[in-house]
Amino acid sequence: MTFKTLDDLGNLSGRRALVRVDLNVPMDGNRVTDTTRIDRVLPTIRELSDKGARVVLLAHFGRPKGAVMPEMSLAPVAAALTERLGRPVAFAADCIGDLAASLIDGLKDGDVALLENTRFHAGEEKNDGAFADALAALGDLYVNDAFSAAHRAHASTEGLARRLPAYAGRTMQAELEALASALTTPVRPVLAVVGGAKVSSKIDLLENLVKKVDMLVIGGGMANTFLAAKGVSVGKSLCEHDLADTARRIMDAATAAGCEIVLPVDAVVAREFKAGAASETVSVDAVPADAMILDVGAASIDNVRAKIDAAATLVWNGPLGAFEIEPFDTATVAAARHAAERTRAGSLTTVAGGGDTVAALNHAGVADDFSYVSTAGGAFLEWLEGKALPGVVALEN
Ligand SMILES: Nc1ncnc2c1ncn2[C@@H]1O[C@H](COP(=O)(O)OP(=O)(O)O)[C@@H](O)[C@H]1O
Ligand SMILES: O=C(OP(=O)(O)O)[C@H](O)COP(=O)(O)O
């Protein structure tokens, strides 16, 4: 990776730094319910501010598709940011034009401002040249700290990097370094754990992974499609039967690449998907026709633990079961805690990402023990799929 970082910047007194951050945070009304993404960009903001820059933050919120939608305003996020940063954050009700320019003109060295949702302008998502020029006119340099939006080729994530001297922020840098250490230059053996609900949205990911990792544990709803492709009867389980050929192709590709695929050997099944529903553990060969698989069973958990013990690097996306509902969180929690224990002992590097995956690790109480937990969902998956991320490519240029 060859991009500039904040290390390449000296005193920034009098200079306006346009900083793309991801403030697409969960909200309940005007209240931010999870500040993780805000907290992750604080180091970059503080460092630039301490170097004397006039820090101008650019971000999107939701998908307003080019229209001004008050419910997708970043104003409440500016308040939360002020609180987390411990310094005032000024706010402009537009990200280009006179409102933005006059706010920025009034900034002193070290001040921080946030501009309104970039997606209130259609030019943002179109990566329109005139819109990117209007943004670029507001700054002297550009810092991208929004890895989780780097899979979008938008004006504020891609266009700006081509118009101003461009640098990776600290979170962007940390995300890229963690991902590279997990897959580009990993300590082997590398284990991937992929679970969750849909095979169809993660096919590219699996096809890339089997070529790069030594072991692949498939769990969650995803495993059912693979089991069905092997002729196992999965009853009423979530299963994409039409993807049986794809599943077989992935298993063949894994064999050719020397990647061991580990599927569940037993499963926790229930007739209802609700808390406290009666459940039992059965061999995968004996799933009742009227039941659904909601977690992998105890023998499968032992297999996953053994693979974690055999690995030096673990990359994880997708829970092993329907972890939101007890007791179907058992396998996910057990595997997460085991991986955390080995990480704490210094014998495993653990990298995880994906919205539900992070929620599952928090549920298991081990998110802080993993080597790196990405704040990105879509961008993390695209990176694992081996796709180039436009926001990152633009920084490299
Ligand atoms: N066996 C299963 N049956 C039904 N849903 C499952 C099963 N295993 C996992 N899930 C569901 O998968 C969802 C998470 O999958 P996914 O969105 O792919 O993860 P991520 O957001 O981390 O990429 C969770 O809501 C979980 O309940
Ligand atoms: O929250 C985001 O996506 P993610 O939940 O897939 O990480 C990013 O801010 C990107 O948003 P987008 O998918 O509307 O482009």
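Using N, Cα and C of the backbone, Cβ positions are placed for all residues, glycine too.
Per TrEMBL, these features apply:
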type    : residues                                           : note
BINDING : D22, L23, N24, R37, H60, F61, G62, R63, R119, R152 : substrate binding site
BINDING : R37, R119, R152                                    : (2R)-3-phosphoglycerate binding site
BINDING : K202, E324, G354, G355, D356, T357                 : ATP binding site
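What TrEMBL annotates, mapped onto the structure for a quick look.
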{"residue": "D22", "record": "substrate binding site", "DSSP class": "coil"}
{"residue": "R37", "record": "(2R)-3-phosphoglycerate binding site", "DSSP class": "helix"}
{"residue": "H60", "record": "substrate binding site", "DSSP class": "coil"}
{"residue": "R119", "record": "substrate binding site", "DSSP class": "helix"}
{"residue": "R152", "record": "(2R)-3-phosphoglycerate binding site", "DSSP class": "coil"}
{"residue": "G354", "record": "ATP binding site", "DSSP class": "coil"}
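Between the binding-site residues G62, G354, G354 has the most other Cβ atoms inside 10 Å of its own Cβ, all protein chains included.
Listed in sequence order, the binding-site residues near R37 ((2R)-3-phosphoglycerate binding site) (C-alpha within 10 Å of its C-alpha) are D22, N24, out of D22, N24, H60, E324, G354.
Listed in sequence order, the binding-site residues among D22, N24, R152, E324, G354, T357 whose CB lies under 6 angstroms from an atom of ligand 1 come out as E324, G354, T357. Of the candidate binding-site residues, N24, H60, R119, R152, the one lying closest to E324 (ATP binding site) when CA atoms are compared is N24. Minimal Cβ crowding within 10 Å, among the binding-site residues D22, E324, D356, is found at E324. Ranked by Cα separation from D22 (substrate binding site), the binding-site residues R152, K202, G354, G355, D356 are led by R152. Only R152, G355, in sequence order, out of the binding-site residues G62, R152, G355 have a CB under 6 Å from ligand 2. If you compare Cα positions, D356 (ATP binding site) sits closest to N24 out of the binding-site residues N24, H60, G62, R119. When the C-alpha distances from T357 (ATP binding site) to the binding-site residues N24, H60, G62, R119, R152 are tabulated, the minimum falls on N24. Less than 8 angstroms from the CB of R152 ((2R)-3-phosphoglycerate binding site) sit E125, E158, P390, G391, each of them six or more residues away in the same chain. Rounded to a whole number, the distance between the Cα atoms of G354 (ATP binding site) and G62 (substrate binding site) is 17 Å.
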